[in-house]
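Some features that TrEMBL has for this protein:
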BINDING   ARG71, SER72, GLY73, ASN84, LEU88, ILE89, ASP90  substrate binding site
DOMAIN    17-150  domain 'dUTPase-like'
Amino acid sequence: MHHTLELKILDARFGSEWSLPEYATPASAGLDLRAALDAPLTLQPGDTALVPSGLAIHVGDPTLCAVILPRSGLGHKHGIVLGNGTGLIDADYQGPLMISVWNRGREAFTMQPGDRIAQLVVLPIVRATLQVVEEFETSARGAGGFGHSGVR
Ligand SMILES: O=c1ccn([C@H]2C[C@H](O)[C@@H](COP(=O)(O)OP(=O)(O)OP(=O)(O)O)O2)c(=O)[nH]1
Ligand SMILES: [Mg+2]
């Protein structure tokens, strides 16, 4: 599936110092987002900062959304993940794309302006109509959950 994503450049360093987000390989799902910072920013363990991406996107199509996800290497090796777990970008959002960066690790971490700190993924969305019922049709799982089937 392909979508043309409208993008506004909010930070003039894109196009000169920094390249725009791009897919690293022909089958990559994520577009890396940069920290559009004016100066290096150090996050102490446990700290969170709302970092501008320097970009705005308009997904437009209500059957799509975008999500901001951690980068694996930063998340696993340095504990740099997202303060909101996953950032959900609604298809009608047109404001600045912001990245909530959380240092869940045990050591301070410094971001430099332009560092690729998270990634953007465009996903299909099913919008549901809620239908109130008294009973559900019986399913194989029923109400079992939260590990009720054990680990082996
Ligand atoms: O990591 C994120 C998460 C959200 N957003 C923007 C896009 C999204 O469409 C909007 C609202 O996000 P969400 O609905 O998750 O936050 P909320 O706390 O419910 O705010 P609102 O009351 O504006 O919906 O904020 C970002 O820029 N970065
Ligand atoms: Mg909301």
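A Cβ is built for glycine as well, from the same backbone N, Cα and C atoms used for every other residue.
Sorting the binding-site residues SER72, ASN84 by the number of other Cβ atoms within 10 Å puts ASN84 first. Across the range of the domain 'dUTPase-like' (17-150), the DSSP-based residue counts are 7 helix, 53 strand, 74 coil. Taking each of the binding-site residues ARG71, ILE89, ASP90 in turn and counting other Cβ atoms within 10 Å of its Cβ gives the largest count for ILE89. Checking the binding-site residues GLY73, LEU88, ILE89 against ligand 1, the ones with a C-beta less than 6 Å from an atom of that molecule are LEU88, ILE89. A 10 Å cutoff on Cβ-Cβ distances gives GLY73 (substrate binding site) a total of 10 other Cβ atoms nearby, all chains included. Other Cβ atoms within 10 Å of the Cβ of LEU88 (substrate binding site), summed over all protein chains shown, number 13.
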